[in-house]
Amino acid sequence: MIEADRLISAGTTLPEDVADRAIRPKLLEEYVGQPQVRSQMEIFIKAAKLRGDALDHLLIFGPPGLGKTTLANIVANEMGVNLRTTSGPVLEKAGDLAAMLTNLEPHDVLFIDEIHRLSPVVEEVLYPAMEDYQLDIIIGEGPAARSIKIDLPPFTLIGATTRAGSLTSPLRDRFGIVQRLEFYQVPDLQYIVSRSARFMGLEMSDDGALEVARRARGTPRIANRLLRRVRDFAEVKHDGTISADIAAQALDMLNVDAEGFDYMDRKLLLAVIDKFFGGPVGLDNLAAAIGEERETIEDVLEPYLIQQGFLQRTPRGRMATTRAWNHFGITPPEMP
């Protein structure tokens, strides 16, 4: 799939992204951006600690790369408890989830990434565990089968998903706290890039960090990934110091433009503009024009372009906006 090959794709985690764990914030006071989420979580965590309770179950959703796993780690650290991590696709059988739940200590946090991908069988086991801190297990088969209940310690389930709409209503309704992560503002990303540069021992100007932040598509994961590539360029082509000019040269070399678009983003927009006169164009025709699967366009290429106002979905098909025409220096046609 094309997503795995794109430097500016937040949906894939590259091996080098794992190294970012060392520079991730560990407490709320270190957490940058998402001011509403931060202020609310500070209150919820303090209240739970004052009562001596486990934090209520928490659902975190939003685009990939915005720090859902980081926030789960922060919650566990702030509560002073253990964090157990797994993901929806890994929990194939009810017994897999039961094994994790029975090993939790009081108030521990169980983090399930991609929770929308839980199988129905596993999800059924989760309901009484979340609601009553009980595990219902069926022993035996057929007429001899019987159900036993196992009491669980109070715990916090944190579910993370990029597709909140794919969650079933019974599961979604059992989360007492729901937080949506938004794309980051450029000043917050600039701070994150500068902080990462310090951790990496890099000499980087404020303008250099700003240049990387502007092209990071509002996503910390992409910002840190671009920073590593800019570092490589600065060390090989210059003296290792990262200025705005060096950052711009490096990112231009990587085909990441001022809007954070790469070759595939530009290819799609130019196809709509040049081949279909700005649209509307049907998804199948557009897929054929750029030689990509329609699923790739829908899931990988389109979302950011639509969010930033460069592409529009209409009942008749995709249309390039005036902003897209202006981005390429092309005069849009006059509206009839």
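We count from 1, first residue shown onward.
A Cβ is built for glycine as well, from the same backbone N, Cα and C atoms used for every other residue.
Straight from Swiss-Prot, the features:
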- 4-184: region 'Large ATPase domain (RuvB-L)' (REGION)
- Ile23, Arg24, Gly65, Lys68, Thr69, Thr70, Glu131, Asp132, Tyr133, Arg174, Tyr184, Arg221: ATP binding site (BINDING)
- Thr69: Mg(2+) binding site (BINDING)
- 185-255: region 'Small ATPAse domain (RuvB-S)' (REGION)
- 258-336: region 'Head domain (RuvB-H)' (REGION)
- Arg294, Arg313, Arg318: DNA binding site (BINDING)
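Known features from Swiss-Prot, placed on the structure.
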{"residue": "Ile23", "record": "ATP binding site", "contacts (Cβ under 8 Å, 6+ apart)": "Arg195, Ser196, Phe199, Met200, Asn224"}
{"residue": "Thr69", "record": "ATP binding site", "contacts (Cβ under 8 Å, 6+ apart)": "Thr85, Phe111, Asp113, Ala160"}
{"residue": "Glu131", "record": "ATP binding site", "contacts (Cβ under 8 Å, 6+ apart)": "Arg174"}
{"residue": "Tyr133", "record": "ATP binding site", "contacts (Cβ under 8 Å, 6+ apart)": "Asp151, Leu152, Pro153, Pro154, Phe155"}
{"residue": "Tyr184", "record": "ATP binding site", "contacts (Cβ under 8 Å, 6+ apart)": "Gly33, Gln34, Leu66, Ile192, Gly218, Thr219, Pro220"}
{"residue": "Arg294", "record": "DNA binding site", "contacts (Cβ under 8 Å, 6+ apart)": "Leu283, Asp284, Leu286, Ala287"}
{"residue": "Arg313", "record": "DNA binding site", "contacts (Cβ under 8 Å, 6+ apart)": "Glu302, Ile306"}
{"residue": "Arg318", "record": "DNA binding site", "contacts (Cβ under 8 Å, 6+ apart)": "Val272, Gly279, Pro280, Val281, Gly282, Leu283, Leu286, Glu302, Leu311, Gln312"}
Problem set entry | Max CA-CA distance, Å, over listed DNA-binding residues Arg294, Arg313, Arg318 | 14
Seminar exercise, completed: Grouping DSSP H, G, I as helix and E, B as strand, the residues of the region 'Small ATPAse domain (RuvB-S)' (185-255) number 51 helix, 2 strand, 18 coil
For this session: Could you tell me which three-state DSSP class Arg318 (DNA binding site) falls into?
Result: strand
For this session: Note down the number of other Cβ atoms within 10 Å of the Cβ of Gly65 (ATP binding site), including every protein chain shown.
Result: 27
Problem set entry | Maximal Cα-Cα distance (Å) across residues annotated as binding ATP, namely Ile23, Arg24, Gly65, Lys68, Thr69, Thr70, Glu131, Asp132, Tyr133, Arg174, Tyr184, Arg221 | 37
Seminar exercise, completed: Within 8 Å of the Cβ centroid of Arg294, Arg313, Arg318, the other same-chain residues by Cβ around the recorded DNA site are Val281, Gly282, Leu283, Leu286, Ile297, Glu298, Glu302, Gly317
